[in-house]
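Student: Just passing along the structure, written as structure tokens.
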Amino acid sequence: MNPDEVRSLLSSVEDPDLDDDIVSLGLVNAIDVDAETIRLSLALGAPYAPHESQIADQVRDALADTDREIELTAAMPPGLHTDEEVLPNIQNIIAVASGKGGVGKSTVSVNLAAGLAKRGARVGLFDTDIYGPNVPRMVDSEDAPEATDDKTLIPPEKYGLKLMSMDFLVGPDDPVIWRGPMVHKMLTQLVEDVEWGQLDYLVVDLPPGTGDTQLTVLQTLPLTGAVIVTTPQEVAIDDAVKGLRMFGEHETPVLGIVENMSSFRCPDCGGSHDIFGSGGGEDFADEENLPFLGAIPLDPAIRAGGDGGEPIVRSDGETATAFQAMTERVANNIGIVRRQQASTHAKTTPEQ
Ligand SMILES: Nc1ncnc2c1ncn2[C@@H]1O[C@H](COP(=O)(O)OP(=O)(O)OP(=O)(O)O)[C@@H](O)[C@H]1O
């Protein structure tokens, strides 16, 4: 058995999203074969994404008859990123944004982060909302970050998430009246001086709207993609369009649209009521040709969970399932972005 034979077997493995097999796409970085083992490096970039696990399973199936141990590693091809990259130990940075305040952006950020951690990923959650940080409350974390001797910050952990929030630095009740340059300085410091360690995903909760902080984040962080949260009403959707344009201008891939507060399942009558209308988020996603990431019901347990500290995705039930499904779609879409990048890189870089 030689690497070419392995390559030929792998060409039966179709990528579930990119419409070709993994060999033609250039997603096989390296093959090493000896008497007992086949070691493969695949260009997979979204740890714990269902579609990437599926690719790994198909690879094992394709090589099952070789009678060798299969060792898989996932890595983006060297050369895809530069050495001086910001936050090199963080594989994927996801911004969660909304055009309008109060639509549930922080709720989605917290449950997305907790949902990814529940799947097994190493996750950080970064609340950049200077004017109304609420992530610490939502995960019930009162621990402040620890400062080390060389003045870096160790983020506190809760539910397996590493947390960072402006709240930790300014105190929850301090009024914050900062101007743009100050916001920029603070954010840069928070990015550079925090010891995140190795992370699969960093979820960044942006403040609502399209102002200074959002721009700074877009300019400072190498975002993998953005999730846009809206409620079904037209006003919220009009504002979401502005958010969308902002990411477009910075060439940040939009991973999709989440419709929050979609319908209300009445605990008394058992009926479903569309308080803010319904389907607006999905229609919007269709019109903009973007993935729809799911509808999250209006559920009093979300508020109770949010205010009491435990993200609802960690429990069971319809709403938790909706958040889990959303998390899986986000992870799958990150996988598409990363594999697409790797494939383009492989096809445009001559073999060494
Ligand atoms: N689907 C939902 N069902 C019930 N309550 C919800 C839902 N989504 C969010 N909430 C509640 O609505 C309030 C606002 O949500 P959240 O803080 O997540 O919004 P936001 O868009 O981040 O707000 P801000 O503009 O302040 O950043 C919170 O009390 C939250 O618990």
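Glycine too: its Cβ is placed from the backbone N, Cα and C atoms.
From TrEMBL, here are the annotated features:
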- GLY99, LYS100, GLY101, GLY102, VAL103, GLY104, LYS105, SER106: ATP binding site (BINDING)
- 4-66: domain 'MIP18 family-like' (DOMAIN)
Student: Relative to ligand 1, which of the binding-site residues GLY99, LYS100, GLY102, SER106 have a Cβ found under 6 Å from one of its atoms?
Tutor: GLY102, SER106
Student: Per 10 Å Cβ neighbour count, which of the binding-site residues LYS100, LYS105 ranks highest?
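Tutor: Answer by Cβ density within 10 Å: LYS105.
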Student: Limited to the domain 'MIP18 family-like' (4-66), I'd like the whole-number average of pLDDT.
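Tutor: Mean pLDDT for the domain 'MIP18 family-like' (4-66): 96.
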Student: Given the binding-site residues GLY99, GLY101, which one has the fewest other C-beta atoms within 10 angstroms of its C-beta?
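Tutor: If we count Cβ atoms within 10 Å for the binding-site residues GLY99, GLY101, the smallest count is at GLY101.
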Student: Please list the DSSP helix, strand and coil residue counts for the domain 'MIP18 family-like' (4-66).
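Tutor: Tallying H, G and I as helix, E and B as strand, the rest coil: 23 helix, 14 strand, 26 coil.
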Student: Name the residue among the binding-site residues GLY102, VAL103, GLY104, SER106 whose Cβ has the smallest number of other Cβ atoms within 10 Å.
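Tutor: If we count Cβ atoms within 10 Å for the binding-site residues GLY102, VAL103, GLY104, SER106, the smallest count is at GLY102.
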